[in-house]
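Database features, via TrEMBL:
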{"type": "DOMAIN", "residues": "8-214", "note": "domain 'Porphobilinogen deaminase N-terminal'"}
{"type": "DOMAIN", "residues": "228-297", "note": "domain 'Porphobilinogen deaminase C-terminal'"}
{"type": "MOD_RES", "residues": "Cys244", "note": "S-(dipyrrolylmethanemethyl)cysteine"}
Amino acid sequence: MSAHPAKLIIATRESALALWQAHHIQARLQALYPQTLVEILGMTTTGDQILDSPLSRIGGKGLFVKELEQALADGRADLAVHSMKDVPMHLPEGFMLAAIGEREDPHDAFVSNVHARLEDLPEGSIVGTSSLRRQSQLQAKFPGLKIESLRGNLQTRLRKLDEGQYAAIILAAAGLMRLGLEGRIRQRIPTELSIPAVGQGALGIEINAARTDLLAILAPLNHPDTAACVEAERGMSRALAGSCTVPLGAYAEKQGDQLHMTGFVASVHGREMLRESLIAAAEAPEQAGQALAQKLIARGADRILAALADGAEH
Ligand SMILES: NCc1[nH]cc(CCC(=O)O)c1CC(=O)O
């Protein structure tokens, strides 16, 4: 049992979802270390301020974590809580993930005030999402749907749906559940129709890599099975140089001592869609992810990624 620290400060973004996640980790730490003062430091990030351009155009996920990392670097905070989905594939030098928490619902959620299932949308329906991953998978399966951009925090996106701008929108089930909005979920979209984002549904705790004193303190928050799955998914994404500017997804589940993984890479409009699966030893998750990437590359993933880099389909 590690010594109780006198105080732990959690840096977080100030969206309702981020605050929920920070308070969740605060409560877990408080239960583990009743003598410790666990505080929240709320921060606004560049990503929160730029709400009108698709994420893929404004430089990606790093925008949501940079200010939090600054607070870790200069000692204003001890840990930062992130949705693993928003954590870049390569952390900047000097930072590390100390724990990955147990995964909640990893699925994408279909949200609509009219229709019960994605499959029920009539041709020509407008679906809101700004995720290239969601867009490419929707277009590949349902080429008659019209995809339109949808940004903002969860409440903003739901408001835009309720105002009637979209027939349906796609959100992460986990985010809705955390905010008590599970009732808005009409359908948990099966992974056959939408493979989730790498890390979707799991929380990660980032620290300053120099703070090795925190590792034992945070270790009880780590969920090894989730960590293996998320590391495998990130391994695939890294091997494909993935970021949120690339339509790709991966999902791993642990069964016994094996990982069952599925991943895809697509062109933006889903005209090309490569999907592969594998079963690999859970003790080497990063390698499992790399092996899945190799299967995709063998079928031409590199060519799709190179075309994306050229902006061929933008
Ligand atoms: N991109 C924002 C974001 N980051 C994490 C979640 C959901 C929670 C999670 O996946 O852990 C969401 C909202 C969404 O995609 O609907």
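Cβ coordinates are placed from backbone N, Cα and C, and glycine is handled just like the others.
Within the model, the domain 'Porphobilinogen deaminase C-terminal' (228-297) carries an average pLDDT of 94.
Residue counts for the domain 'Porphobilinogen deaminase C-terminal' (228-297) under DSSP (helix as H, G, I; strand as E, B; rest coil) come to 25 helix, 26 strand, 19 coil.
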